[in-house]
Amino acid sequence: MSPSRFFRLLLAVGALTGCATTSEYARIDRCLAGGRAWDYAGARCTASPPPQVDALRMDKSERRLSAYRGGKLVRAFRVALGRGGLLPKERQGDGRVPEGRYLITTRNPNSAYHLSLRIGYPTPEQAEAAVRLGIAPGGEIMIHGLPNGRGALGSRHTLADWTEGCIAVTDSEIEWLYRAVPDGTPIEITA
């Protein structure tokens, strides 16, 4: 069923049950017809939803996270990295961002850093190598926003690398990424 037909049906049901007025449903229908998104919690029309991203690339030396769709750059972000610098992650607690090819595996709407997307580190090969060396590889590597209550820092957070091995963007940027990047999206992280 098309979104327009669905909302016309909702309009009829709402009018019959008294749940909403005809004008409220008409506002929602106009919003969606214009290619924008309806914020149900705020009962308002918002900017159009971001395009679906099918690949991410993180260049640590440039501190740039890039989002792609169909091989074309959609958006790029200036980021802060782990406090451990540009070297590849070796073990738990080193504060470094891993390098390699991974997938976005899950998302956390209740993150201590606004919102977060989990990067599937370590790979099975990286975990096996760590076991052979007798070290813990670490994990819980995320793309996340700013610490809760610190969103006003905005892009100033990139003045220094401060994470524990994660990739940090602003709160508005992680909101965009959270909506645009589905689980299973590949991410390549390079030096």
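Glycine is treated like the rest: Cβ placed from N, Cα and C.
Some features that TrEMBL has for this protein:
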type     : residues : note
DOMAIN   : 54-190   : domain 'L,D-TPase catalytic'
ACT_SITE : His144   : active site, proton donor/acceptor
ACT_SITE : Cys166   : active site, nucleophile
Revision key, fill the gap. Cys166 (active site, nucleophile) sits from His144 (active site, proton donor/acceptor) (Cα to Cα, rounded, in Å) at a distance of 7
Revision key, fill the gap. The residue listed as 'active site, nucleophile', Cβ-centred 10 Å count of other Cβ atoms over all protein chains shown, is 22
Review point. Looking only at the domain 'L,D-TPase catalytic' (54-190), what is the mean pLDDT?
Key: 96
